[in-house]
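Peer 1: Below you'll find the structure I mean.
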Amino acid sequence: MDMLTWAALSADEQKTALQRSPLIGDSGLEQSVRAIVDAVASRGDAAIKEFNQKFDGARLANISSANSDNLRLSEHEIEAASARVSPELKAAIAQAMANIDVFHSAQQFRPIDIETQAGVRCELRSEPIEKVGLYIPGGSAPLISTVLMLALPATIAGCEQRVLVSPPPINDAIVYAANVCGITEIYQVGGAQAIAALAFGTETIPSVDKIFGPGNRYVTEAKRLVSQDGRCTVSIDMPAGPSEVLVIADSDANAQFIAADLLSQAEHGPDSQVILVTDSLPLAQAVNQALKSQLAALPRQEIAATALKGSRTILVKDMQEAALVSNRYGPEHLIIQTRFPREVLNNIRAAGSVFLGAYTPESVGDYASGTNHVLPTYGYSRAVSSLSLADFSRRFTVQELSAKGLLGLGQAVMTLASNELLDAHKNAVAVRLASLKG
């Protein structure tokens, strides 16, 4: 990776050093996705089946003829798919589920009920989102962990209807993971058409209140479009971008560990970005050597090598400056491999998820430590939080005033309303005060 010295860079050069690769897209993307969304909104299941055949035709041929035209998996199909999953994988899923359950169950909302002044009672309450849609991408590698990260919190939160969609044929492990997480509605549909179905509903697929899950640029664009479409009322989880990691390391860090962590993100895709920030030139050089040897053994070495071309090492004077660089970048994943990692953590202000110490690879958070791996990317961690139980609920406030409360607060409200030239607001208080004063 290219090596830069932070203190030697101008302000503009520092900004360039922390730039990400441009998001891949084309001028026709919105038009293409909008056509799919509109077709599903107007023609429902018929459009879904046409797009399934068009985009997933080869894979549809692998589905049993008895169900090749059915969008929803039957209870029998769910049981059969689950039976084909190996005991070893089931055990791994169970261990990951247990940790995710513990961490997310601890996030249960605690209501606030307080008197702000005499006779003025204010509350903050929370209720689960009634209907949620979970999108799980297809492809050669089943994203089992993503099912756990979405389905389990939705179940813990108490969402009444939990719908999962994934391109056909859905991998057995995906079906099993969904089932053990309490998902009983599983539909064979992927891509932009799946997002549109969740937003508008079809004859078979119910509309939902919020859509979660990663996907390719068509899925990402569809999520953006439906969240802004006046024909439906649906929200989405968070903006999506390429995967990324920033590693803060000092001279005590293990170069082999760091190289492995960098490559574990680089192999996600050619637009992934990895950054090493260190105050040790010998360590930086050792990491570069370790990258070369480990890269040669990777099946996805071409993808990882392309990602490394857009990545870099940044040399800093100390760990305080390292934290400053990290905060300006706002990484999706932040790994801190230093002698005193928690001291560095105290200076961190922006990160999707943080991994402390030599024995905490980013992979554990991806799969089974208990934290959620759905994280803000592309610098959004400076303002957007990682996925949590709160994302599957909505909060609302309650206020209740007694007569004494209104007498004590009314004049302030009327004064503010008058200054904002909102006389009806003022009058709503005035008529009540008049009735109290007889």
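Note: Cβ is positioned from N, Cα and C throughout, glycine not excepted.
According to Swiss-Prot, the active site, proton acceptor annotation covers GLU332, HIS333. Positions annotated as NAD(+) binding site by Swiss-Prot: TYR135, GLN193, ASN216. What Swiss-Prot lists as substrate binding site is SER243, GLN265, HIS268, HIS333, ASP366, GLU420, HIS425, and the listing cites sequence analysis. Annotation comment: Swiss-Prot describes GLN265, HIS268, ASP366, HIS425 as Zn(2+) binding site, evidence class sequence analysis.
Are these features on the surface or tucked inside, and what are their neighbours?
Peer 2: Using a 10 Å radius centred on the Cβ of GLU332 (active site, proton acceptor) and all shown protein chains, the other Cβ atoms total 27.
A strand conformation is recorded for HIS333 (active site, proton acceptor) in the three-state DSSP classification.
Shown in sequence order, ILE36, ALA39, VAL40, ALA47, ILE48, PHE51, ASN52, PHE55 are the residues of the chain, 6+ apart in sequence, with a C-beta less than 8 angstroms from the C-beta of GLN193 (NAD(+) binding site).
For HIS333 (active site, proton acceptor), applying a Cβ distance below 8 Å and a minimum sequence separation of six or more within one chain yields SER243, GLU244, VAL245, LEU246, GLN265, ALA351, GLY352, SER353, PHE355, GLU362, GLY365, LEU375.
Counting only residues at least six positions away in the same chain, the Cβ atoms of SER145, HIS373 sit under 8 Å from the Cβ of ASP366 (substrate binding site).
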Peer 1: Which one is closest to ASN216 (NAD(+) binding site) in space, judged by CA to CA distance, out of the recorded positions HIS268, GLU332, GLU420, HIS425?
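Peer 2: Its closest listed neighbour, by Cα, is HIS268.
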Peer 1: Hey, which of the binding-site residues HIS268, HIS425 is the loneliest by Cβ count within 10 Å?
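Peer 2: Fewest other Cβ atoms within 10 Å, among the binding-site residues HIS268, HIS425, is found for HIS425.
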Peer 1: Of all the binding-site residues given, ASN216, SER243, GLN265, which has the fewest Cβ neighbours within 10 Å once its own Cβ is left out?
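Peer 2: Least crowded of the binding-site residues ASN216, SER243, GLN265, by Cβ count within 10 Å, is ASN216.
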Peer 1: Just jot down the residues in the same chain as TYR135 (NAD(+) binding site), at least 6 apart in sequence, with C-beta under 8 A of its C-beta; none if empty.
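Peer 2: Long-range Cβ contacts: LEU164, VAL165, SER166, GLY190, ALA194, ILE195, LEU198, ILE211, PHE212, GLY213, PRO214, GLY215, VAL219.
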Peer 1: In three-state terms from DSSP, label GLU420 (substrate binding site) for me.
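Peer 2: GLU420 (substrate binding site) sits in coil per DSSP, no helix or strand.
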